[in-house]
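**Student:** One structure, as structure tokens, below. Some questions next.
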Amino acid sequence: MDGAPFVAIFLLFVTTTRSALIGLEGCAESKSCWAQPPGCQDNCVSAATWIWTEAGFSITLSASVSDLDPSRPYWLALGFSHNQRMDDDTVFECLMSQDGTRSIAQISFNDETANHALPQASSVMLGKEKIELVDGILSCTLTYYPDNRSLVYPDDQYKLHQLDAKPYYLLLARGSADPYTYSKDIHFMNDGPLFPWISGEQADFCRSNCSGPQFVRIDRGLQSHVERYWRYRIAVFHGCTLMFGWWVLVSNGILLARFFKPMWPRRRFFGVAVWFQLHRGLNIISLCLQLIAVLLIFYQSGWVWYECSYECDLQALAKKMHAMIGGLATVLAILNPMIALARPAPDSSTRPFFNWLHWGLGLGGWGCASLTILLSVPLGKTGLYAAYGPIPFYILCSYLLFFVAINIALQIVTTSHEARQEKKPKVATVLSYRDTGLKTHEKHLSVISAVATRRDIH
């Protein structure tokens, strides 16, 4: 007997069962939905559906957890974001033990690089209808009561978005949790199916008197504007390029301008003093490398300037200060050569003012860049502190001490050399005075002898 019909029936049953577990039945007909990967039908990995009811805003989340760690609890979360980034987001999430015996539903808040649970808000604004784990599919249905927002602590009310007030982007993530505290581990950070999804368009959660369709399906989605593979490599290139540009090229340019002007006094390079050509060339090359590195880091971040959100821990503060001080260093690096184009003549009365301004901008830019490099160590994309602890700090500080020591040593050598140069003219002057005195004395003796001779004759 031909088994093809039985195989077809079996595949249809499996496909239908998976579709039912993921929760896509009635999508765009009786409820709105967003499934991942984009455009999936019966092979979706995760999905979110929602509908307004008399009780409130009903949300159903479903996702496969078979590719997560089976020895740890699972979590599944849907965030409502103003943009396509993790910041200022209201998040609805479900957690379940790996054996399916314990479950938690709660509201949390994404604050840039951190997520904070809101237990009090969850108790008055969230109802747990159903959380289950069936055949490797975690699904949960929650009801959000937006009319209870006034019952939330005033300090937390801003963390709860009014969903019917404006459209929002959606963020869907899944991962593992601590088996004892049920605190969520950070989601997967590399490219792949475990990386969070971002809706490619905003979803309208209109409650009443809506101008658009009541139920929609969002088919557009992405995981990252730039693949994580390239984002990490761009970040490493950014750091290495700027370290080379500031600590090799600019540092040597500073030393050349400060201590090597007397070198090659009779030589010219394209009609200009050698030290000046080297000083200018090193700084121009450094500026070009800086601009490339800065443009690339903005490209990988989606042309978004990083800012701390409402809560700013030490790591987030280091990231914010890295961006701000690094931006200031780049501005000073651009501004200094522009000012140099208007350099007054050596005998101009404004030349001393220009010299101090040029020196201050250059040294200020170098100082800001050095501080920015130090602040890059704890950043996540470098992985330096996570992998090596404080050792990178020690290495960077060793370079700074070495550069300071070189400046002190060259200053001592230069001062000693200038002292010797000043001493030589004094010795020559004394000798010239001595020679003049001897000649005068000889003249006096010759005059006296001549007078004596005349007296003897007479």
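Here the Cβ of each residue, glycine as well, is placed from N, Cα and C on the backbone.
According to TrEMBL:
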type	residues	note
DOMAIN	46-175	domain 'DOMON'
DOMAIN	202-413	domain 'Cytochrome b561'
SIGNAL	1-19	signal peptide
TRANSMEM	235-260	transmembrane segment
TRANSMEM	281-301	transmembrane segment
TRANSMEM	321-341	transmembrane segment
TRANSMEM	353-379	transmembrane segment
TRANSMEM	391-414	transmembrane segment
**Student:** If we skip the immediate neighbours and take only residues 6+ beyond the ends of the transmembrane segment (321-341), which ones have a Cβ under 8 Å from one of its Cβ atoms?
**Tutor:** 242, 246, 250, 283-284, 286-287, 290-291, 294, 305-307, 354, 357-358, 361-362, 364-366, 368-369, 371-372, 375-376, 379
**Student:** Mean pLDDT for the domain 'Cytochrome b561' (202-413), rounded to an integer?
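**Tutor:** When the pLDDT values over the domain 'Cytochrome b561' (202-413) are averaged, the result is 92.
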**Student:** Cβ under 8 Å, sequence separation of at least 6 from the ends of the transmembrane segment (353-379): give me the contacting residues as numbers and ranges.
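**Tutor:** Answer is 235, 239, 242-243, 246-247, 250-251, 254, 314-315, 318-319, 321-322, 325-326, 328-329, 332-333, 335-336, 339-340, 343-344, 385, 392-393, 396-397, 400.
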**Student:** Summarise the domain 'DOMON' (46-175) by DSSP state, stating how many residues are helix, strand and coil.
**Tutor:** 19 helix, 69 strand, 42 coil
